[in-house]
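Asker: I have a structure I would like to understand better, so I am pasting it below and will then ask my questions one at a time.
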């Protein structure tokens, strides 16, 4: 969708050429006296447009309005969550008219957060997946809304927020695209090709490692998962450099299982098709880099994506097999369907070479997290309170929320093995937590967080499809880090290398 930002009052929005005009109406009084504002005020007074966010009133050919159809949408207090509810309801209603051009205007003042929420919600409500669909007789099968003009009281005041939101939407839609693709349209090789395309963006570089390079690195755990598939594995390394070279990067690690049968520990047939979504962690990393390449914030970011299929041919790993990870730790594979942690652990070890300021892994990791949190919030695991607060704040800002879960050491008891350094599963109880405890073993001493997006990465049923989460959360976190100056931190090792020796300090003091 093509977005445009303009300074528009309600009266000026009424004069804009469009197929549908959407007016976002907050609970504050309307003071304008133009015909449409007066009509809105009358509708509110009569109770036809309640203040509750998401309530709608549709009008046909109101006086002095160019658009033939007008949708009034309540946004309540005007906060991001309320704006999102109102915009999604309004855009869904507008789609019934088959419009190509829509004008959407705030009736009252709107800040940057409200504008960002409106852009994200409009894109979300109008998104249509088309890659594997045939075109209709008129040559169209995608979203009907091609152009949306967003009207605000002062476009200059919210321009930066609008630009960031538009870039974030591009990242979310890239994540949706690759999440929605079936396994034969999204192999590790094809995913790596998509990453290489991102390498053409400003300040973004991409490197792709294959089976030989992965074996040479000693990534025995990752390679073991991949060995049951005819599709070769790929290890994707993305780098965005918006800060100085000595700035410690944030490393994002995305699980890239492009299809998960469960391996020898075979999944049930029902809903196995949804295991194409098991690479949504990887898709979120690609989507985040898509946004970074457009926004170009002053921060350094590394993206790591271990990608393979989890299949079950004669070469596949078996329950009871012991594999050696890149860290040197051995792992007893008690369940081959707990493969995500087996590929992530090697990527976490690889992340250490970047001397990161923080590492965040993103994975559709456990059904237990779905049971705990449903599809509303992603699970957040970290022992670092500052990182937890920053990620939770980013989730609230972007309406891509997460919820922190515990990491008590007692949860790791079930991971003990008689035959290896650690087992890859620990029983049913607290499954999301024990999976996070497994990953924590490989995070070393750097600041680390794990986002379990098994409940939030896609929807099932009639609305089946990728959500693009948590691209919004990740971009919001990185942007706030860049703005706050936290991104300027130099890694401790690099700082130590820069520190002059005692002899040099003594010589200077004698001068």
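Glycine too: its Cβ is placed from the backbone N, Cα and C atoms.
On a predicted model such as this, the values are computed, not experimentally measured, just so you know.
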Asker: Based on Swiss-Prot, name the residue from 260, 408, 409, 421 that is recorded for the same Mn(2+) 1 site as 337, 339.
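Answerer: Swiss-Prot names 260 for this Mn(2+) 1 site.
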Asker: From 278, 321, 361, grab the residue that Swiss-Prot records in the same Mn(2+) 2 site as 255, 260, 339.
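Answerer: Candidate listed by Swiss-Prot for the same site: 278.
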Asker: Identify which of the binding-site residues 260, 278, 337, 339 has its Cβ surrounded by the largest number of other Cβ atoms within 10 Å, counting every protein chain shown.
Answerer: 339
Asker: Below 8 Å Cβ to Cβ and six or more residues apart, same chain only. Which residues does that give for residue 341 (active site)?
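Answerer: Sequence-distant Cβ neighbours: 363, 365, 424, 435, 438, 439.
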Asker: Which entry in the list of recorded positions, 255, 267, has its Cβ near the fewest other Cβ atoms, using 10 Å as the limit?
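Answerer: Least crowded of the recorded positions 255, 267, by Cβ count within 10 Å, is 267.
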Asker: Other than 255, 260, 278, 339, which residues of the same chain sit close to Mn(2+) 2? List them in sequence order, counting a residue when its Cβ is within 8 Å of the Cβ centroid of the site.
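Answerer: For the Mn(2+) 2 site, the extra neighbours are 256, 257, 275, 279, 310, 340, 343, 363, 364.
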